[in-house]
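See structure below.
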Amino acid sequence: MFQFVKKKNEFLKFARLGSRAFTQNAQKTHSKGSNIALVSSSLLSVGMIALYYNVYGPSLSAGTPKEEGLHFIQHDWPQSKVLSGFDHASLRRGFQVYREVCSACHSLNLIAWRHLVGVTHTADEAKQMASEVEYEDGPDDEGNMFKRPGKLSDFLPPPYPNVEAARASNNGAAPPDLSCVVRGRHGGQDYIYSLLTGYTEPPAGVEVPDGMNFNPFFPGTQIAMARPLFDDAVEFEDGTPATTAQAAKDVVNFLHWASEPELDIRKKMGFQVITVLTILTALSMWYKRFKWTPIKNRKIFYQRPIK
(Lines of atoms letter the chains of each structure in order from A; the text may use other names.)
(Lines give C-alpha, C1' and ligand atoms only; values in the text may rest on other atoms or scores of the structure.)
Protein backbone atom coordinates (compact mmCIF):
# COMPACT_ATOMS: atom_id res chain seq x y z
CA MET A 1 0.00 0.00 0.00
CA PHE A 2 2.83 2.36 0.87
CA GLN A 3 4.59 1.64 -2.42
CA PHE A 4 1.39 2.37 -4.37
CA VAL A 5 0.99 5.75 -2.71
CA LYS A 6 4.67 6.54 -3.34
CA LYS A 7 4.38 5.67 -7.05
CA LYS A 8 1.20 7.72 -7.28
CA ASN A 9 2.94 10.77 -5.80
CA GLU A 10 5.87 10.34 -8.19
CA PHE A 11 3.45 10.12 -11.12
CA LEU A 12 1.64 13.32 -10.04
CA LYS A 13 4.96 15.09 -9.60
CA PHE A 14 6.08 14.00 -13.07
CA ALA A 15 2.73 15.15 -14.50
CA ARG A 16 3.11 18.57 -12.88
CA LEU A 17 6.64 18.94 -14.25
CA GLY A 18 5.46 17.94 -17.72
CA SER A 19 2.55 20.38 -17.59
CA ARG A 20 4.85 23.17 -16.44
CA ALA A 21 7.36 22.44 -19.21
CA PHE A 22 4.58 22.39 -21.81
CA THR A 23 3.26 25.72 -20.55
CA GLN A 24 6.71 27.31 -20.67
CA ASN A 25 7.30 26.01 -24.20
CA ALA A 26 3.91 27.32 -25.29
CA GLN A 27 4.66 30.73 -23.78
CA LYS A 28 8.06 30.84 -25.50
CA THR A 29 6.49 29.82 -28.80
CA HIS A 30 3.74 32.44 -28.41
CA SER A 31 6.27 35.11 -27.45
CA LYS A 32 8.48 34.19 -30.41
CA GLY A 33 5.50 34.29 -32.76
CA SER A 34 4.43 37.67 -31.38
CA ASN A 35 7.92 39.07 -31.90
CA ILE A 36 7.99 37.79 -35.47
CA ALA A 37 4.58 39.33 -36.16
CA LEU A 38 5.66 42.64 -34.63
CA VAL A 39 8.87 42.79 -36.66
CA SER A 40 7.02 41.85 -39.85
CA SER A 41 4.36 44.53 -39.36
CA SER A 42 7.03 47.14 -38.61
CA LEU A 43 9.00 46.27 -41.74
CA LEU A 44 5.80 46.35 -43.79
CA SER A 45 4.90 49.79 -42.43
CA VAL A 46 8.37 51.18 -43.15
CA GLY A 47 8.27 49.71 -46.64
CA MET A 48 4.86 51.25 -47.39
CA ILE A 49 6.03 54.66 -46.14
CA ALA A 50 9.18 54.45 -48.27
CA LEU A 51 7.14 53.44 -51.31
CA TYR A 52 4.67 56.30 -50.81
CA TYR A 53 7.46 58.84 -50.36
CA ASN A 54 9.25 57.51 -53.45
CA VAL A 55 6.11 57.86 -55.57
CA TYR A 56 4.51 61.01 -54.17
CA GLY A 57 7.36 62.69 -52.27
CA PRO A 58 9.18 65.82 -53.46
CA SER A 59 11.88 65.30 -56.00
CA LEU A 60 15.31 66.65 -55.10
CA SER A 61 17.39 68.48 -57.65
CA ALA A 62 20.70 70.27 -57.36
CA GLY A 63 20.11 73.65 -58.96
CA THR A 64 22.72 76.28 -59.70
CA PRO A 65 22.50 79.78 -58.18
CA LYS A 66 21.36 81.00 -61.58
CA GLU A 67 18.44 78.56 -61.58
CA GLU A 68 17.47 78.84 -57.91
CA GLY A 69 18.61 82.40 -57.21
CA LEU A 70 20.94 83.56 -54.47
CA HIS A 71 20.03 82.66 -50.91
CA PHE A 72 18.25 85.51 -49.15
CA ILE A 73 20.08 87.60 -46.57
CA GLN A 74 18.86 87.14 -43.01
CA HIS A 75 18.02 90.25 -41.00
CA ASP A 76 17.01 90.95 -37.41
CA TRP A 77 13.26 91.66 -37.46
CA PRO A 78 11.71 92.83 -34.17
CA GLN A 79 8.49 90.87 -34.69
CA SER A 80 10.45 87.63 -35.04
CA LYS A 81 11.55 87.78 -31.39
CA VAL A 82 9.50 86.08 -28.71
CA LEU A 83 8.86 89.06 -26.44
CA SER A 84 8.62 91.86 -29.03
CA GLY A 85 6.10 92.80 -31.68
CA PHE A 86 5.70 95.04 -34.70
CA ASP A 87 7.20 98.51 -34.84
CA HIS A 88 4.06 100.56 -35.48
CA ALA A 89 5.99 103.57 -36.74
CA SER A 90 7.57 101.30 -39.34
CA LEU A 91 4.13 99.87 -40.19
CA ARG A 92 2.81 103.38 -40.84
CA ARG A 93 5.72 104.18 -43.14
CA GLY A 94 5.33 100.78 -44.81
CA PHE A 95 1.69 101.46 -45.60
CA GLN A 96 2.72 104.77 -47.14
CA VAL A 97 5.24 102.95 -49.36
CA TYR A 98 2.61 100.42 -50.38
CA ARG A 99 0.02 103.10 -51.10
CA GLU A 100 2.34 105.33 -53.13
CA VAL A 101 4.41 102.66 -54.90
CA CYS A 102 3.15 99.08 -54.67
CA SER A 103 -0.60 99.68 -54.98
CA ALA A 104 -0.16 100.72 -58.61
CA CYS A 105 0.15 97.02 -59.54
CA HIS A 106 -0.47 94.88 -56.44
CA SER A 107 -3.62 94.44 -54.36
CA LEU A 108 -4.29 93.75 -50.68
CA ASN A 109 -7.63 92.00 -50.97
CA LEU A 110 -7.74 90.79 -47.35
CA ILE A 111 -7.08 94.15 -45.68
CA ALA A 112 -9.89 96.63 -44.99
CA TRP A 113 -9.57 100.23 -43.87
CA ARG A 114 -10.82 99.26 -40.41
CA HIS A 115 -7.86 96.92 -39.98
CA LEU A 116 -5.54 99.94 -40.02
CA VAL A 117 -7.22 101.57 -37.02
CA GLY A 118 -4.99 101.36 -33.97
CA VAL A 119 -2.16 99.80 -35.99
CA THR A 120 -0.94 102.38 -38.49
CA HIS A 121 -3.52 105.17 -38.25
CA THR A 122 -6.22 106.57 -36.01
CA ALA A 123 -9.91 106.04 -36.76
CA ASP A 124 -10.28 109.57 -38.17
CA GLU A 125 -7.26 109.15 -40.44
CA ALA A 126 -8.52 105.81 -41.74
CA LYS A 127 -11.97 107.30 -42.41
CA GLN A 128 -10.38 110.21 -44.27
CA MET A 129 -8.30 107.91 -46.48
CA ALA A 130 -11.29 105.65 -47.16
CA SER A 131 -13.50 108.60 -48.13
CA GLU A 132 -10.98 109.62 -50.80
CA VAL A 133 -11.74 106.41 -52.73
CA GLU A 134 -15.00 105.88 -54.61
CA TYR A 135 -16.63 102.45 -54.42
CA GLU A 136 -19.37 101.06 -56.61
CA ASP A 137 -22.46 100.19 -54.60
CA GLY A 138 -26.08 99.44 -55.17
CA PRO A 139 -28.44 98.85 -56.66
CA ASP A 140 -30.53 101.84 -55.59
CA ASP A 141 -34.31 102.07 -55.56
CA GLU A 142 -34.32 102.27 -59.35
CA GLY A 143 -31.99 99.30 -59.82
CA ASN A 144 -28.94 101.33 -60.81
CA MET A 145 -25.43 101.03 -59.44
CA PHE A 146 -23.89 104.18 -58.00
CA LYS A 147 -20.62 105.50 -56.65
CA ARG A 148 -20.13 106.39 -53.00
CA PRO A 149 -17.21 107.41 -50.76
CA GLY A 150 -15.43 104.60 -49.02
CA LYS A 151 -16.12 103.50 -45.45
CA LEU A 152 -14.04 101.75 -42.82
CA SER A 153 -15.73 98.45 -43.67
CA ASP A 154 -14.56 98.60 -47.29
CA PHE A 155 -11.47 96.70 -48.37
CA LEU A 156 -8.51 98.42 -49.96
CA PRO A 157 -9.24 99.00 -53.66
CA PRO A 158 -7.42 96.76 -56.16
CA PRO A 159 -5.46 98.40 -58.99
CA TYR A 160 -7.32 96.41 -61.67
CA PRO A 161 -11.01 95.49 -61.94
CA ASN A 162 -10.26 91.82 -62.67
CA VAL A 163 -7.44 89.35 -63.33
CA GLU A 164 -7.78 89.63 -67.10
CA ALA A 165 -7.20 93.37 -66.97
CA ALA A 166 -4.16 92.81 -64.75
CA ARG A 167 -2.69 90.32 -67.24
CA ALA A 168 -3.37 92.61 -70.19
CA SER A 169 -1.53 95.47 -68.49
CA ASN A 170 1.51 93.40 -67.49
CA ASN A 171 2.45 91.39 -70.59
CA GLY A 172 0.28 88.43 -69.65
CA ALA A 173 1.47 88.04 -66.03
CA ALA A 174 -0.92 89.21 -63.33
CA PRO A 175 0.84 90.80 -60.32
CA PRO A 176 0.20 88.68 -57.21
CA ASP A 177 -1.90 89.82 -54.30
CA LEU A 178 0.29 90.85 -51.36
CA SER A 179 -2.07 89.96 -48.51
CA CYS A 180 -0.20 86.73 -47.66
CA VAL A 181 2.98 87.15 -49.70
CA VAL A 182 5.30 87.08 -46.66
CA ARG A 183 3.83 83.85 -45.30
CA GLY A 184 3.58 82.35 -48.76
CA ARG A 185 7.26 82.69 -49.68
CA HIS A 186 10.17 80.64 -48.41
CA GLY A 187 12.26 82.96 -46.30
CA GLY A 188 9.36 85.30 -45.59
CA GLN A 189 10.38 88.89 -44.97
CA ASP A 190 14.07 88.13 -45.58
CA TYR A 191 13.34 86.96 -49.12
CA ILE A 192 11.03 89.90 -49.91
CA TYR A 193 13.58 92.39 -48.57
CA SER A 194 16.42 90.80 -50.54
CA LEU A 195 14.27 90.80 -53.68
CA LEU A 196 13.32 94.49 -53.34
CA THR A 197 16.90 95.61 -52.72
CA GLY A 198 18.63 93.11 -55.03
CA TYR A 199 18.16 94.84 -58.38
CA THR A 200 21.51 95.41 -60.06
CA GLU A 201 23.14 95.58 -63.45
CA PRO A 202 23.66 92.16 -65.07
CA PRO A 203 27.24 90.90 -65.02
CA ALA A 204 29.30 90.76 -68.18
CA GLY A 205 28.15 88.10 -70.59
CA VAL A 206 24.59 87.87 -69.22
CA GLU A 207 21.87 88.94 -71.64
CA VAL A 208 18.55 90.14 -70.27
CA PRO A 209 15.62 90.14 -72.73
CA ASP A 210 13.48 93.21 -73.26
CA GLY A 211 10.85 93.63 -70.55
CA MET A 212 12.91 91.67 -68.01
CA ASN A 213 15.15 92.86 -65.18
CA PHE A 214 18.16 91.26 -63.55
CA ASN A 215 17.79 90.27 -59.89
CA PRO A 216 20.12 87.58 -58.50
CA PHE A 217 17.69 86.70 -55.66
CA PHE A 218 14.87 85.75 -58.03
CA PRO A 219 14.83 82.17 -59.39
CA GLY A 220 16.30 82.36 -62.88
CA THR A 221 17.74 85.82 -62.04
CA GLN A 222 15.31 87.49 -64.48
CA ILE A 223 12.10 89.11 -63.23
CA ALA A 224 9.41 91.01 -65.10
CA MET A 225 8.78 93.46 -62.25
CA ALA A 226 10.89 96.56 -62.64
CA ARG A 227 12.79 97.98 -59.70
CA PRO A 228 10.08 99.57 -57.54
CA LEU A 229 12.09 101.41 -54.86
CA PHE A 230 14.59 104.23 -55.22
CA ASP A 231 16.14 106.69 -52.83
CA ASP A 232 13.74 109.52 -51.92
CA ALA A 233 10.92 107.91 -53.91
CA VAL A 234 8.62 108.72 -50.99
CA GLU A 235 8.75 111.39 -48.30
CA PHE A 236 8.05 110.10 -44.81
CA GLU A 237 6.07 112.45 -42.61
CA ASP A 238 8.15 111.64 -39.52
CA GLY A 239 11.38 112.77 -41.20
CA THR A 240 12.93 109.31 -41.57
CA PRO A 241 15.42 109.24 -44.50
CA ALA A 242 13.64 107.53 -47.40
CA THR A 243 16.50 105.38 -48.62
CA THR A 244 15.87 102.26 -50.65
CA ALA A 245 16.85 100.03 -47.73
CA GLN A 246 14.61 101.93 -45.28
CA ALA A 247 11.61 101.89 -47.62
CA ALA A 248 12.09 98.17 -48.29
CA LYS A 249 12.34 97.42 -44.56
CA ASP A 250 9.18 99.38 -43.76
CA VAL A 251 7.07 97.91 -46.55
CA VAL A 252 8.23 94.39 -45.67
CA ASN A 253 7.20 95.01 -42.05
CA PHE A 254 3.80 96.19 -43.25
CA LEU A 255 3.35 93.19 -45.55
CA HIS A 256 4.31 90.87 -42.69
CA TRP A 257 1.62 92.49 -40.56
CA ALA A 258 -0.85 92.11 -43.42
CA SER A 259 -0.04 88.39 -43.54
CA GLU A 260 -0.31 87.97 -39.75
CA PRO A 261 -2.32 90.85 -38.25
CA GLU A 262 -2.98 88.76 -35.12
CA LEU A 263 0.71 88.07 -34.39
CA ASP A 264 1.00 90.47 -31.44
CA ILE A 265 -2.27 89.20 -29.95
CA ARG A 266 -1.06 85.60 -30.23
CA LYS A 267 2.19 86.44 -28.47
CA LYS A 268 0.39 88.22 -25.62
CA MET A 269 -2.07 85.36 -25.26
CA GLY A 270 0.72 82.78 -25.32
CA PHE A 271 2.63 84.67 -22.62
CA GLN A 272 -0.52 84.83 -20.47
CA VAL A 273 -1.20 81.12 -20.96
CA ILE A 274 2.37 80.17 -20.03
CA THR A 275 2.21 82.38 -16.93
CA VAL A 276 -1.10 80.89 -15.75
CA LEU A 277 0.03 77.32 -16.44
CA THR A 278 3.26 77.93 -14.53
CA ILE A 279 1.33 79.18 -11.50
CA LEU A 280 -1.13 76.28 -11.68
CA THR A 281 1.73 73.78 -11.98
CA ALA A 282 3.43 75.21 -8.90
CA LEU A 283 0.15 75.13 -6.96
CA SER A 284 -0.57 71.55 -8.00
CA MET A 285 2.91 70.43 -6.93
CA TRP A 286 2.50 72.16 -3.56
CA TYR A 287 -0.96 70.64 -3.06
CA LYS A 288 0.35 67.18 -3.95
CA ARG A 289 3.13 67.47 -1.37
CA PHE A 290 0.69 68.90 1.17
CA LYS A 291 -1.67 65.94 0.79
CA TRP A 292 0.84 63.12 0.36
CA THR A 293 3.63 64.05 2.77
CA PRO A 294 1.68 62.91 5.87
CA ILE A 295 0.63 59.72 4.13
CA LYS A 296 4.10 58.83 2.86
CA ASN A 297 5.72 59.56 6.23
CA ARG A 298 3.09 57.79 8.29
CA LYS A 299 4.24 54.75 10.26
CA ILE A 300 1.81 52.11 11.50
CA PHE A 301 2.73 49.89 14.42
CA TYR A 302 0.84 46.85 15.58
CA GLN A 303 0.57 46.58 19.29
CA ARG A 304 -0.74 43.36 20.65
CA PRO A 305 -3.58 43.78 23.06
CA ILE A 306 -2.70 43.23 26.64
CA LYS A 307 -4.70 40.47 28.18
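Yeah, the Cβs are placed from backbone N, Cα and C, and that goes for glycine too.
Keep in mind it's a predicted model, so treat the numbers as computed, not measured.
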Name the residue, out of Met212, Met225, Met269, that Swiss-Prot lists for the same heme c site as Cys102, Cys105, His106, please.
Met225
Of 108-125, 270-287, which span is tagged transmembrane segment by Swiss-Prot?
270-287
Tell me, roughly as an integer, the mean pLDDT over the domain 'Cytochrome c' (89-259).
94
Among the binding-site residues Cys102, Cys105, Met225, which residue has the largest number of other Cβ atoms within 10 Å of its own Cβ?
Cys102
